[in-house]
Amino acid sequence: MALSFSLLMAVLVLSYKSICSLGCDLPQTHSLGNRRALILLAQMGRISHFSCLKDRYDFGFPQEVFDGNQFQKAQAISAFHEMIQQTFNLFSTKDSSAAWDETLLDKFYIELFQQLNDLEACVTQEVGVEEIALMNEDSILAVRKYFQRITLYLMGKKYSPCAWEVVRAEIMRSFSFSTNLQKGLRRKD
């Protein structure tokens with residue numbers, strides 16, 4: 001799906017805002033971003049959960065990656081970033097754009113893009129660019145494998161409306177888990 005001019009302009013403005021902002025307030029930023037993303041995901045639902053019960057699937061969400069007791073702030077930021085990047089990639093496909101209302105999907109893209117920018121600024125501030133890749137390989141790999149399972153599920157179900165509904169609910173669940181980690185980090189600060 002080609003992104004509309006207005007969407008691209010909004011992304012440009014949000015990028016500029018992120019670059020110009022100083023400091024990293026992960027708990028505040030991530031909590032608000034997650035809340036907005038969850039609201040948009042809820043609005044995107046087109047069919048009843050009950051009509052898709054037969055399509056439910058356990059994607060094996062890597063809960064250990066989002067356990068607030070095991071992570072330092074920089075590691076958590078890196079895990080959040082990967083989850084949001086993979087969510088953006090998943091919902092940016094041609095098959096995804098056919099499944100959802102275009103206006104809501106554009107708003108969801110913008111929200112995810114804003115969160116990615118905020119998290120990139122935070123992770124760079126917390127640990128520096130060189131250390132990011134080495135620090136969190138296992139957790140990033142776990143998140144990538146999780147999203148690979150989601151993608152394979154969608155392919156196996158031929159991107160059916162119920163398959164997308166199951167995935168939408170799963171992504172909402174994953175955003176809720178990351179919110180719990182964020183709360184744990186707030187208690188540590």
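Each Cβ is built from the backbone N, Cα and C atoms, and glycine gets one as well.
Positions annotated as signal peptide by Swiss-Prot: 1-23.
Here Swiss-Prot flags C24-C122 (among others) as disulfide bond, drawing on similarity to another entry. Secondary structure at C122 (disulfide bond), taken from DSSP and collapsed to helix, strand or coil, is helix. Cβ neighbour count for C122 (disulfide bond) (all protein chains, 10 Å cutoff from its Cβ): 23.
Counting every protein chain shown, the number of other Cβ atoms lying within 10 Å of the Cβ of C162 (disulfide bond) is 17. The disulfide bond feature in Swiss-Prot is assigned to C52-C162 (among others); the stated evidence is similarity to another entry.
Annotation for C52 (disulfide bond): spatial neighbours C162, E165, V166, criterion Cβ-Cβ under 8 Å with sequence separation of six or more.
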